[in-house]
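**Student:** Take a look at what Swiss-Prot says about it:
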BINDING   Y40, G65, C66, S67, D90, N91, D118, I119, N133, R200  S-adenosyl-L-methionine binding site
Amino acid sequence: MTNQQDTLFAEPGEHQGNFQFDSRVAGVFGDMIRRSVPGYTQIINTIGEIADRCVTPGSNVYDLGCSLGAATLAIRRKIEGRNARIFAIDNSEPMLVRAEENLSAYVSDTKVFFQLADIRDQTFENASLVVLNFTLQFLPPDDRDTLLARIYQGLNPGGILLLSEKLKFDGVDVQALLDSLHLDFKRANGYSELEISQKRSAIENVLIPDTLEQHKTRLNQAGFTQADLWFQCFNFASMVAIK
């Protein structure tokens, strides 16, 4: 299924209220995230490369908040012949429907199980890789520690958690600089001032970012002794944590 161009916020007053991963967003999400998140394609490709290095035969992989299935597809392409299973989980039915359609276009011997569920209710077992690709930031902050602790418990020794997030910064000047660079990135990708403003208003109470230090502290408290940044562009970053 092809993705449409993102024009959801192109007209004044469109889609007022909090941002939701509904059918309208699902239809344009592929275009939206590439034009909004610097380095997104690199992150997706590297998720596949990390999977190639860490997914062990017969183990489980969890893609939490799988959206359109980009990470799931990148992983599946790299782990053929390992008898591993991928659980692609999202609480948005429109997203999950499109993810399943997207992956059905490619033949693979790796089983993918699509689950319409709240990732906070997910159990983890025999996991070699868990992916939270721009997902944790949408959970209530009070629920984040518990989820990461459960992920850690379900990972096999040597298993990896890959965590991508939008960051906030303690330094006011640094925050302003990186926000400015990110805005220019979106302008360069064709978003108007109106679109940028309206989406910001819709998402600011839904996406609640943490600092890098908060992420590292949370991962350490969950049990990870090795957790560090592997990618950052402006205020978007990805971390790898190894059990």
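The backbone N, Cα and C atoms fix where each Cβ goes, glycine too.
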**Student:** Name, in the order they occur in the sequence, the residues of the same chain whose CB lies under 8 A from the CB of C66 (S-adenosyl-L-methionine binding site) and which sit 6 or more residues away.
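**Tutor:** Residues satisfying the criterion: T72, A88, I89, D90, M95, L96, A99, F114.
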**Student:** Within 10 Å of its Cβ, which one of these binding-site residues (D90, D118) has the largest number of other Cβ atoms?
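**Tutor:** Checking each of D90, D118, the winner is D90.
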**Student:** Three states by DSSP: which one describes Y40 (S-adenosyl-L-methionine binding site)?
**Tutor:** helix
